[in-house]
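Q: One structure follows; several queries about it will come next.
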Amino acid sequence: MKGTIFAVALNHRSQLDAWQEAFQQSPYKAPPKTAVWFIKPRNTVIGCGEPIPFPQGEKVLSGATVALIVGKTATKVREEDAAEYIAGYALANDVSLPEESFYRPAIKAKCRDGFCPIGETVALSNVDNLTIYTEINGRPADHWNTADLQRNAAQLLSALSEFATLNPGDAILLGTPQARVEIQPGDRVRVLAEGFPPLENPVVDEREVTTRKSFPTLPHPHGTLFALGLNYADHASELEFKPPEEPLVFLKAPNTLTGDNQTSVRPNNIEYMHYEAELVVVIGKQARNVSEADAMDYVAGYTVCNDYAIRDYLENYYRPNLRVKSRDGLTPMLSTIVPKEAIPDPHNLTLRTFVNGELRQQGTTADLIFSVPFLIAYLSEFMTLNPGDMIATGTPKGLSDVVPGDEVVVEVEGVGRLVNRIVSEETAK
């Protein structure tokens, strides 16, 4: 699997029923209005026969599902045309820890090494009434039917392609029921469905799994892009949040990246789109279970990004959700990397944002809540970081709305200067 793995939560009616009462309470206050998207990064993807690493002391659930495989570039596809963009389907397993909340991105639950086995692609025309079976050690353990999904494959492809261009090889996991099968080290998990070759994986204590030296490569020059929310106390206060006690990490899809001196589109009929100047840390070598003291040894260097957000699309599900943060071209980033040796202290850099020459945002990386080495140690505790992976470390206070015609310049001291222009949807066509 060489593309981006998108997945959707709360897409089975049993999940919505189970969480119905909770979704009326804080922090949700209402059921989700749109599909609740998340990303399974490249470290999660394994093939049939490869071991699923079992993290010590955790409860782990097998989430048998089916993956839609994109066959050609898809942008703003109508539901009735979706079949033209589907190469086929594959059995998949959205392995997960139990969900305690859907408010913030579930990176610890969903993004661990080997937590996304995917089988062979089969050229089926429709999976809207497909029964998916799970066997554990050769015995039936569970089954469910895709007819009980809230949104079918065509609806999901249409909804995702409305804001994110999909490329050949990308996949969409269609969802899982609320009830899933608990797995243990020593189990063999088999996912079955008519018309598909079985997807079978052993479950192995993660201490016995040799770190994979290579992972499926994405069809773009970048690795996984991790981003931090509320990692400056003044920015958290600006948005009326308490500073987080644990890093608020979310993932950004490749479609959102663009370069220096490029344009970003402000969608029609929105009220607030803002910039975010950020220092980006680029990983230089594979990192797993790295200590904070050793973490800087795994840094290749630094670059700059502008992590735009469309606040109109915020919902209290996996906040900040993909519609806010992973729209096409919404993350300008410099293509150059400044070697870490040229930046003696990444925690003493000034960040600035100018809009049409006016200084709108200024801060310092000295105010990071979670430092660069802490973030590397934190992430590598439960997942493998690979060369080319990036961590956008968050933004200080000073947000303001930007509109078509604005020139937005973000600077990080010693790292670089990034220029971007805002255009309307009509201009972008």
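A Cβ is built for glycine as well, from the same backbone N, Cα and C atoms used for every other residue.
I grabbed these lines from Swiss-Prot:
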BINDING   Glu276, Glu278, Asp307  divalent metal cation binding site
REPEAT    1-215  repeat 'Approximate'
REPEAT    216-429  repeat 'Approximate'
Q: Same-chain residues six or more away whose CB lies under 8 A from the CB of Glu278 (divalent metal cation binding site)?
A: Ala227, Val304, Cys305, Asn306, Asp307, Leu351, Ala392, Thr393, Gly394, Thr395, Val410, Val412
Q: Suppose the divalent metal cation site is Glu276, Glu278, Asp307. Which further residues of the same chain have a Cβ inside 8 angstroms of that site's Cβ centroid?
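A: Apart from Glu276, Glu278, Asp307, the close residues are Ala227, Tyr275, Ala277, Cys305, Asn306, Tyr308, Thr331, Ala392, Gly394, Thr395, Val410.
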Q: Which residues does Glu276 (divalent metal cation binding site) neighbour through Cβ under 8 Å, counting only same-chain ones at least six apart?
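A: Sequence-distant Cβ neighbours: Asn306, Asp307, Tyr308, Ala309, Gly394, Thr395, Leu399.
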